[in-house]
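Residues or ranges marked as region 'Disordered' in TrEMBL: 257-278. Taken from TrEMBL, the feature transmembrane segment applies to 28-46, 85-106, 118-144, 164-191, 203-220, 226-247.
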Amino acid sequence: MALFKGYKSNPEGRMSLKQHLIELRNRLIKAALGLVLGAIAGWFFYDPLFAAISEPLVRLAKERHFDAGVNFAGVATAFDLRVQAAFFLGTIISSPIWIYQIWAFVTPGLSARERRFTFGYMLAAVPLFLAGAYCGWLVMPNIVYALTCFTPEGGTNFIQANDYITFIMQLVLFMGIAFLVPVVLVGVNMAGVLRGKTMFKSWRITVLAVTIVSAMAAPGNDAFTMFLLAGPLLVLYFGAMSLCVLLDRRRDKRAEKRAQETEDTADSATPLTDLDSI
């Protein structure tokens, strides 16, 4: 029963190491349960998923007049891929559950005031992850075209089903996580782990990483698609870092105010009535 039993209210956001480990275990178990339930639902959507994934390859083969197909090399390959696809869909279906578990693990380190952002976090994180996954799905045909367009006319391109489908699933999930990271950065900042100024110090690395990821998602000469991907990602990352700086300033002002109040209290004399009660 300890799995579903939360800790008592903790206004100061302090937990022992043992409590942190127990909390991490509980959150991982809950996220895993959500993933399994999502995978059970995803099992029944394998056929339309496989048809949608195979469509760009089939269409390109017709346009360029070469034979192409997804090859199932082993006896159990089709079953293995169905299980992988089920967990892939389960990750997307259960995203509200495991995204919330990430936030719930961070919140014990937050003050009661900062925990009020939970609704806003979920309102931003889940749509951003789904939007990123959808962007990965949209650019998937471009990648298939770029990687298979070198097949000579009249040739045959047999693609290993495991490699092909795994590549596309990783692309979609990677883009979803890329859109989710800015929200996670804000959560980490609110927990006091990383300050906004520290994030801004590595802004050049951020721009370079986003550009490389966008170029990988839109290969070839399609620079327009690359900028369409890079633009929103950069806006999200710099927006998140700017918000972290504002949150740092608010926390610094509150800390300075509390320190000043403590200093004023220490300088004032204790009333005689209070001394008599000691």
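Any Cβ shown, glycine's included, is placed from N, Cα and C.
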- Which stretch from 28-46, 85-106, 164-191 shares the most C-beta pairs under 8 Å with the transmembrane segment (226-247)? 164-191
- Item | Contacting positions for the transmembrane segment (164-191) when only residues 6+ beyond its ends and CB under 8 Å are counted | 50, 53, 57, 70, 81, 84-85, 88, 91-92, 95, 99, 102-103, 106, 109-110, 114, 117, 121, 124-125, 128-133, 135-137, 139-140, 143, 199, 213, 217, 232-233, 236-237, 239-241, 243-244, 247-248
